[in-house]
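Q: Questions regarding the structure given below will be posed in turn.
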Amino acid sequence: MGLGGAAKCVYVSDGKSVVNLFRPLVITLLIPLTLVVTTVDGKAAQTEDAQTKKARATDSKPQRIISLAPHTTELAYAAGLGSKLIAASDYSDYPPQALALERVANYRGIKLERILALKPDLVLAWQGGNPPREMAKLEQLGIRIFYSHPATLDAIADSLETLGTFADDPTTANQAASDFRQTMAQLNQQYGHKKPVRYFYQLGISPLMSMSGDNWPSQVFALCGGENIFADSPVAYPQVSKEQVIIRRPEAIFTTHGSAGPDANAFNLWLPWREQLSAVRDQHLYQTQADWLNRPTPRALLAAQEICKQLDEVRESHPQ
């Protein structure tokens, strides 16, 4: 494909997307399936609203909670529901005490019979990531389900407050939401007015993919003054070519790494283009902890704090 070629855009909606939510790197496509469902299919968003209202339509506080995705586990702990969790999905690894929970879900699906045997009175589900047919069975059996798909930074704080309504005391959740909003406001005040920095978010290599401006985690970069070179993509998570990246001339390139630390080979595909890409020439190649950036949880602001400083490095090397 030549430099002037149009981006090849694909929706990520196959099983491989789900696999990666539960993998430690959460990389090639934790977010895609979630947000293709929630941004492309308006019915999904309506379903979540209805299900959330249904889950809250009782005065009884749940005592036995099961989480079916890593991000809902993390949100539950942050909202003060940790003591009520009795089981979780694979790769629910934060906070550390989540590792002790029984596993009842993975990228293949959920363990329906085991979930029923555990007799939960609330299930935290991932809208678009957990199998709808099995979720419908849980509903038919009278189990309350709270669907989660926070697609923006503001929605993370909102989710914490909503989950707090299931706690015996919402203080922890409300404080977590308040702290999150305060940190977000501080970052916006410090970096929001600064010169935009053009960046490319490398979401997977084979195929090479990125994200549009309206999809997670683009908001994390925007908080720091990052300007997504594929912001105008009509597709949430477009498949792109190296030529399309080069012609857009990013000043910085970002990707993520797992718990083992940065991958020394993560940016090798760009080395031959050193003269064409200032990001490569000036070594503005950055890796952020995958779970911080890709999971829509309070730790997203840890990624933001890191990215904000890195974008400042780029600004300092290009003062004009």
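Note: Cβ is positioned from N, Cα and C throughout, glycine not excepted.
Okay, so TrEMBL annotates it like this:
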type    : residues : note
BINDING : Tyr91    : cyanocob(III)alamin binding site
DOMAIN  : 64-319   : domain 'Fe/B12 periplasmic-binding'
SITE    : Glu113   : site 'Important for BtuC binding'
SITE    : Glu243   : site 'Important for BtuC binding'
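Are these features on the surface or tucked inside, and what are their neighbours?
A: Neighbours of Tyr91 (cyanocob(III)alamin binding site), defined as other CB atoms within 10 A of its CB across all chains, total 23.
Around Glu113 (site 'Important for BtuC binding'), taking its Cβ as the centre, 9 other Cβ atoms fall within 10 Å, counting all chains. DSSP assigns Glu113 (site 'Important for BtuC binding') to a helical segment in the three-state reduction.
Counting every protein chain shown, 15 other Cβ atoms lie within 10 Å of the Cβ of Glu243 (site 'Important for BtuC binding').
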Q: Could you tell me the mean pLDDT the prediction assigns to the domain 'Fe/B12 periplasmic-binding' (64-319)?
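A: Here the predicted model's pLDDT, averaged over the domain 'Fe/B12 periplasmic-binding' (64-319), is 96.
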